[in-house]
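Listed in TrEMBL for this protein:
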| type | residues | note |
| --- | --- | --- |
| ACT_SITE | Lys114 | active site, proton donor |
| BINDING | Lys78, Lys102, Ser356 | substrate binding site |
| BINDING | Thr198, Asn229 | NAD(+) binding site |
| SITE | Asp154 | site 'Important for catalysis' |
Amino acid sequence: MVADKQADSQDSNDVLVSTQEVIQTALNKLGYPEEAYELMKEPVRMMIVRIPVRMDDGKIKIFTGYRAQHNDAVGPTKGGVRFHPNVTENEVRALSIWMSLKAGIVDLPYGGGKGGIICDPRKMSFRELEALSRGYVRAISQIVGPTKDIPAPDVFTNSQIMAWMMDEYSRIDEFNNPGFITGKPIVLGGSHGRESATAKGVTICIEEACKKRGIDIKGARVIVQGFGNAGSFLAKFMYDMGAKVIAISDAEGALHDPDGLDIDYLLDRRDSFGTVTNLFEETISNQDMLELETDILVPAAIENQITKDNAHNIKASIVVEAANGPTTLEATKILTERDILIVPDVLASSGGVTVSYFEWVQNNQGYYWKEEEVQEKLREVLVKAFNNVYTTSQNRQVDMRLAAYMVGVRKMTEAARFRGWI
Ligand code: GLU
C-alpha cells in the first residue's frame with residue numbers, strides 16, 4: 001500500500017515535470033523570455049482543503065481536496081474536479097496547466113484550473129457523495145465563482161455532482177448562480193451536447209487526422225482504451241460512422257474481435273463507472289491490446305500508457321489521446337520518428353471544455369441553444385484548432401505535442417505581457 005502511494009506520487013511528479021519541460025521548450029521556440037516560463041511553470045494559486053463528512057456509519061471522515069488555478073491572464077480559470085483515490089497535489093497542478101493549454105488551443109477566454117478530492121466514489125453512498133461535494137464547495141467558495149474560476153466534471157464526477165455543487169454555491173451566494181459550474185443537468189442550465197462533448201471533439205480530431213493520412217473512417221480499425229465517459233461515447237460514435245471497433249478495455253481488461261465488437265451491446269451492459277469486461281471470460285490485457293494491428297488507437301483511460309517500453313510495438317497509423325497524459329515524452333519521440341500521427345491530449349480532449357464554455361455563455365445570457373447549434377459551433381472550433389496545431393507542427397518542424405503547446409501558451413503569454421506581469 002505504501003509502495004503504491006509512492007509510485008503514484010512519482011508518476012504525478014513525472015507528469016508535472018514533463019509538462020513543464022514542454023512548456024519551456026514551447027516558450028523558447030516562440031522567443032519568449034525566461035520570466036514567461038517562471039510564471040507558467042506552476043499554478044498562480046493552489047488551495048488545499050480538508051473536508052469533514054459524516055459517513056453512513058455515523059463516523060466523521062476527513063477528506064483532502066485541492067483546487068489549482070494555473071493562470072488567469074486571459075480570463076477566469078476553468079477546469080474539472082476529479083474524485084479519485086490516486087489524486088495528488090502535483091497531478092492537480094499539472095492538470096491545471098493542461099487546462100490553460102486547452103483553453104489556448106481552442107481559443108476560449110479562460111485560463112486553466114483543476115480540482116481533485118482524494119476519495120473513492122465507487123465505495124461511497126449517494127448521501128456521502130452529496131455531503132462531500134457540498135463540503136468541497138464550502139471549502140473553496142472564496143476562490144471560485146462565475147467570473148473567477150468555474151469547475152466542471154472530470155474523472156468519476158458527473159452532472160449530479162455538478163448539481164449539488166451548484167446548489168451549494170447558490171445558497172452561499174444567496175441567488176441562483178448556474179454559471180458557477182458547467183456540466184450540469186439540462187434542467188439546471190446545462191447545455192445540450194455537454195455529456196458527449198469530449199468524445200465529439202475526439203471524433204472531429206480523428207476525422208481531420210484521417211484526412212491527413214488518407215484513411216477512410218468507414219471500415220477503419222479502431223482501438224479504444226477505457227470505457228468511461230470519453231471512451232464509451234467515442235466507441236459509439238466510431239461504430240455509428242461505420243468504423244470497426246476491434247477492441248475496447250476498462251480497468252480490468254480488454255475485449256478483442258478482429259471483425260469488430262458490437263458496441264451497442266457493450267454499452268447496454270456497462271456500469272456507471274465504465275466497467276464491462278468483467279462480464280466476459282475471454283479477455284486480453286490492456287497492454288496487449290495497445291499493440292494490436294489497427295489504423296487508429298485512442299487511449300481514453302489513464303496516464304502513462306504508451307512509454308518507451310511499448311512505443312516501438314504500437315502498430316496504429318494515428319494515435320489520438322482522449323485521456324490526459326497517456327503518452328510519455330520519450331514515447332512521443334519514438335512514435336513521431338516512426339511517422340505515427342499523434343493528436344495530443346491538450347488538443348484531442350478539448351471538446352469538453354469547449355462545450356462547457358458554451359454552457360457558461362448560455363448561463364450568462366439566460367438564452368439556450370439547440371443541440372444542432374452546439375454541435376455546429378463545436379465542429380467549427382475543433383477543426384480550426386486541429387489544423388492550427390497541424391500547420392504549426394509542419395511549418396516549425398516540431399512534433400504535434402510541442403506544436404499544441406506552442407499554440408496553447410501563446411495567448412496567455414501575450415495577455416500576461418499586456419497586463420505588465422512579465
Ligand atoms: N475535465 C474536463 C477536461 O479535462 C472538462 C473541463 C471543463 O469542462 O471545464 O477538459
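Keep in mind that glycine also has a Cβ here, set from the backbone N, Cα and C atoms.
Taking the features listed in TrEMBL, we show where each one sits on the structure.
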| residue | record | DSSP (3 states) |
| --- | --- | --- |
| Lys78 | substrate binding site | strand |
| Lys102 | substrate binding site | helix |
| Lys114 | active site, proton donor | strand |
| Asp154 | site 'Important for catalysis' | coil |
| Thr198 | NAD(+) binding site | helix |
| Asn229 | NAD(+) binding site | helix |
| Ser356 | substrate binding site | helix |
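Lys78 (substrate binding site) has its Cα within 10 Å of the Cα of these recorded positions: Lys114, taken from Lys114, Asp154, Thr198, Asn229. Residues from the recorded positions list (Lys114, Asp154, Thr198, Asn229, Ser356) with a C-beta closer than 6 Å to any atom of ligand 1: Asp154, Ser356.
Listed recorded positions near Asn229 (NAD(+) binding site): Asp154 (candidates Lys102, Lys114, Asp154, Ser356; Cα-Cα distance within 10 Å).
The closest partner of the residue listed as 'active site, proton donor' among the recorded positions, by CA position, is Asp154; the full candidate set was Lys102, Asp154, Thr198, Ser356. Between the candidate recorded positions, Lys78, Lys102, Lys114, the densest Cβ environment within 10 Å is the one around Lys114. Ser356 (substrate binding site): 28 other CB atoms within 10 A of its CB, across all protein chains. Across the structure, Thr198 (NAD(+) binding site) and Ser356 (substrate binding site) are spaced 10 Å apart at their Cα atoms. Asp154 (site 'Important for catalysis') is surrounded by 23 other CB atoms, counting those within 10 A of its CB over all protein chains shown. The sparsest Cβ neighbourhood within 10 Å, among the listed binding-site residues (Thr198, Asn229), is found at Asn229. Considering only the residues assigned to substrate binding, Lys78, Lys102, Ser356, the longest pairwise Cα distance works out to 12 Å.
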